[in-house]
Amino acid sequence: MAPIKKTRPNDGVKKISLAATDVTPARGVEEKMTWKEYKKMKKQIGNGMTSKSKKLKRPTPKEDEESGKKKPVKLTKKQKERHDTGADVIDPSAMRSKLQQEKMKMTKEKFEKRIEATAKAEKYRVENVGFVAPDDEDDNSLTYSIRQKDIVEAVDLAAATKHFELKLPRFGPYHIDYTDNGRHLVIGGRKGHLAAIDWQTKRLHFEQNVMEKVSDVKFLHTENFIAVAQKNYTYVYDNIGTELHCLKTMYDTARLEFLPRHFLLVGASRNSFLNYVDVSVGKQIASFATKSGTLDVMCQNPANAIIHTGHTNGTVSLWSPNSKEPLVKVLTHLSAVQGVAVDDQGNYMATTGLDRKCRIWDVRMFRQLHAYSLPFGAANVAISQKLDVACAVGNYVQVFRGMHNGTCKEPYLVHNCGGVVTDLKFVPWEDVLGIGHAHGFTSMLVPGAGDPNVDTFRSNPYETKSQRKEREIKQLLDKIQPDLISLDPDDINKVNEGLLELEEEERKKILYIRPMSVQYTPRHKMRSKKSGWKMEARKNTVKNQIRLERNMEKGAVEKEVFGGNEVQEPKKKHILDRLK
């Protein structure tokens, strides 16, 4: 700030002037104004008012009330639906007693207030999405010409520490994974190197060599459990590197995925088998052959827990543990599929292939939206929370912005890793992209990739040990059964009218279709001496049982269709009834 110059004009009033060219000395302004002088000056010039100006009137109590009233915040229907947890479905009038009706009414009001409060709080989020822009407005240079060192110099110290490299050329290439809250990182090298760290504080949990080939690594429901696909079997380790389990049912696994809401560990093997294991009880849920060759390209749809696998014939198949056949098969490329990724909302799918194309698909309609050409065949692909797409092109990683809406014309950022890229993962709630390559690991800054407003109800990066334990218990209580996995999660709220009508027709056929004759041949017992009449007795017993069941079923249908008259039970006679 420039120094303050004081002059004393003829009228006795001090005049304050600012000189833009002067620089304030380190010791401040030498000549200070006394309190009496300042009070006299304020009285004379004040806030632009003369001594003859009228005094300000205090507002009346009515004006205070009107000004103190807060205007109600109007929420749109879309905002309420986003945070709705099913409060509209609650019907207090369905309760039998008045007490239960009042309790349910209070519960509904409580849920509605919570939804409204959550929607209002969303308006106060002040964090903005990051971006890359040149200092000079006239600079027309492209953003992909900006290197990581330039970004590190421009951002604050906390963000600059998130860019680092781990040079481990002896044990690569590496596969990586982050926890749901984005706090912890695990890396696994092809030659057996395994390490888990808190990548923000750079605190090492454990580091060891398993002395076997590592194909993939995956965190389970917490950072305390890590699944590692090794040479023959899949192993589970804790956060200090102790081996806990050996899953021999998941043999020769190439890729791993974990479904957190169902506690299912999914393994895709090189012999085309897809295995589902429930880690909460240690039971194998499903295992079947896909008959599509080696399954080395796999991802999950976080919205409905459907597994997407890419194949060498250019197709992408969608799998559920409830079906041994693919739910949907999409021809995505004219050559082998190299990478598949689905966004968090389950709306868009990105695929890359050897035909040098990156295609964006609408998962809801299974229709291609856009296709982009790459320098040569991309190997891996990842989608961030803000729908930025990262593609691995040899030693380089290219990040694209606006691919889903067709506004992308050139890469957003480009980074050279120095080795062939084998794995890509965006960090949740952070503008960071984790890259596993042949020479180690790189944490790359991508401004605007993550959601700046952390949803701690969903995943809390700052959770304590007690909060983690509570979350783990709550996840186990809210565990969803694998039978409910389907393409449309809303199917559970609907009634299959077609199937219901067929069942009703089959039931009504009992009334006018002649029942089939009962055919039953009892098994001959060699040890029994009197086997002839015993066989006939057993045959008649079974036939009578079947006929009885058919008659009961027919009676139930007749009562349902024609409405049977209720038979009044005879009144019990009492010994004194004769005296009436």
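Cβ coordinates come from backbone N, Cα and C, glycine included.
Among the residue ranges 1-27, 136-162, 163-189, 190-216, the one that TrEMBL annotates as region 'Disordered' is 1-27. The residues of the domain 'BING4 C-terminal' (411-489), classed with DSSP into helix (H, G, I), strand (E, B) and coil, number 17 helix, 22 strand, 40 coil.
For the repeat 'WD' (330-371), the model gives a mean pLDDT of 94.
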